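Visitor: For reference, the structure I am asking about is given below.
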Ligand SMILES: *[C@@H]1O[C@H](CO)[C@@H](O)[C@H](O)[C@H]1NC(C)=O
Ligand SMILES: *[C@@H]1O[C@H](CO)[C@@H](O)[C@H](O)[C@H]1NC(C)=O
Ligand SMILES: *[C@@H]1O[C@H](CO)[C@@H](O)[C@H](O)[C@H]1NC(C)=O
Ligand SMILES: *[C@@H]1O[C@H](CO)[C@@H](O)[C@H](O)[C@H]1NC(C)=O
Ligand SMILES: *[C@@H]1O[C@H](CO)[C@@H](O)[C@H](O)[C@H]1NC(C)=O
């Protein structure tokens with residue numbers, strides 16, 4: 001790069017965005033600092049936003065422009081991503097290391113996002129230096145515009161619940177472990193909004209307080225690093241209303257599995273005798289059994305919660321069958337609308353011809369004697385020049401991009417010795433793509449795609465073959481941005497790659513993503529010009 005190009009790249013690191021003037025603006029100033037937190041009762045260094053852990057909730061409405069000025073007061077570079085916020089034609093603000101330069105210590109950067117044509121429940125989190133293990137995360141709730149009806153009565157209030165596994169070691173120690181080529185192992189507990197509780201903790205602040213007879217929306221995300229969680233309310237059933245931006249068929253559940261990186265919203269009615277109840281979150285499909293509780297209070301209620309917790313669903317093989325069945329019960333409500341006035345079901349995704357099939361197999365291996373994870377035999381490494389900037393200048397070599405590194409098929413024999421590099425996969429704009437996630441390992445996986453939502457059409461045990469397509473849900477699969485894959489199983493998703501940009505597809509298992517289990521789709525707009533995307537910016 002010559003110096004003038006360096007300067008332009010530097011400007012691109014500082015400012016770019018797609019903003020439509022007619023939609024309302026919300027402005028946030030966020031100060032990112034270290035502070036002591038004790039999610040499991042053990043004090044440790046956490047990452048706070050405006051002094052808070054979890055960070056502030058962004059409560060916005062479809063099409064709002066969200067302007068977040070982030071001041072990095074840590075001693076390390078810092079970057080936030082907005083998982084599930086699609087940022088049409090604007091991967092410059094996506095906050096992954098392949099698209100942006102991190103914010104240097106002592107500096108600030110202003111994100112310009114637009115929640116265009118979206119509703120739903122999402123979260124933001126840091127993508128730098130394993131910071132996610134220390135906090136810096138919070139919920140994004142996107143409300144429907146007033147003129148668009150929602151398919152249920154407006155709840156009396158909403159509660160944001162961020163839960164997940166937690167490690168007491170702190171992000172610097174965990175990062176050191178990963179950098180030296182080792183696994184971080186299993187977590188120490190489960191946190192619920194920055195706390196963990198045991199049955200009988202009397203002084204605990206309630207997670208939520210409900211007025212008798214009223215109905216509340218709980219938006220819940222699994223922001224953990226590794227472990228699937230099951231959650232349930234003592235004495236109350238949940239009505240599922242939304243998953244990652246889609247209104248669902250409103251089935252009732254006693255308990256729900258929520259895999260790492262997933263979000264959903266349920267309605268709970270305060271229809272029991274007025275006293276305290278427990279909200280329970282417990283680990284799933286793991287060698288360790290972790291449970292945490294929080295108190296759900298009735299206003300003017302009398303009496304403590306019963307010590308008898310609602311039981312978890314079955315574990316092991318029966319548990320997986322239970323969980324797969326629950327996944328299949330999640331359906332798109334075809335007649336309700338989402339962010340736009342037309343019903344969700346008017347988009348007949350099942351009638352679109354598949355133009356490309358990509359099969360991705362996760363694996364665990366080693367490079368130079370150090371633990372790595374990857375996809376189809378390759379393991380991603382972030383170059384110091386973001387991929388997006390190198391591609392924009394037509395200099396893929398600057399970021400060591402090799403568009404041929406990852407093939408659409410896994411190798412026949414997955415070797416445990418790993419090829420590392422900048423893994424970028426070309427995608428043709430508007431191609432309707434089928435992605436098969438194959439998991440031949442013994443642990444459960446979750447995958448997330450930035451910039452797009454997709455239809456999660458099937459999850460099955462065993463190996464995928466083209467005949468399995470007849471089992472796909474081509475009518476009312478939920479359009480979302482994550483999918484789980486059980487051990488020795490596969491999952492299929494369908495999506496139109498119609499958002500120009502450089503988009504991260506990653507394992508939601510933080511250790512796996514950090515050690516290479518991710519890739520980028522380069523989606524070029526017509527004319528194959530990377531500049532078209534940027535044209536939309538001021
Ligand atoms: C979120 O925004 C909606 C719509 O503007 C509003 O009705 C609601 O009270 C807000 N919720 C919170 C917790 O601020
Ligand atoms: C940093 O913050 C200042 C003060 O709010 C603001 O004027 C400036 O535009 C910000 N810089 C960036 C790069 O966002
Ligand atoms: C689907 O949405 C409609 C609103 O369009 C609502 O009336 C209906 O109850 C919902 N159906 C189910 C099964 O949740
Ligand atoms: C989809 O594929 C079928 C069978 O190959 C073909 O007949 C049909 O014309 C295709 N539809 C579109 C919209 O391309
Ligand atoms: C991918 O796209 C780049 C940039 O447009 C191009 O140079 C390269 O040849 C493509 N590679 C493949 C394998 O299609």
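Using the three backbone atoms N, Cα and C, a Cβ is placed for every residue, glycine included.
Unlike curated entries, TrEMBL annotations are predicted automatically.
Pulled the feature table from TrEMBL, pasting it below:
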- 32-145: domain 'Plastocyanin-like' (DOMAIN)
- 158-300: domain 'Plastocyanin-like' (DOMAIN)
- 420-525: domain 'Plastocyanin-like' (DOMAIN)
- 1-21: signal peptide (SIGNAL)
Visitor: Using DSSP, how many residues in the domain 'Plastocyanin-like' (420-525) fall into helix, strand and coil?
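Guide: Taking each residue of the domain 'Plastocyanin-like' (420-525) in turn, the totals are 11 helix, 61 strand, 34 coil.
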Visitor: So, by DSSP, how many helix, strand and coil residues make up the domain 'Plastocyanin-like' (158-300)?
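Guide: Taking each residue of the domain 'Plastocyanin-like' (158-300) in turn, the totals are 9 helix, 72 strand, 62 coil.
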Visitor: Across the domain 'Plastocyanin-like' (32-145), what are the DSSP residue counts per state (helix, strand, coil)?
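Guide: So the domain 'Plastocyanin-like' (32-145) is made up of 6 helix, 52 strand, 56 coil.
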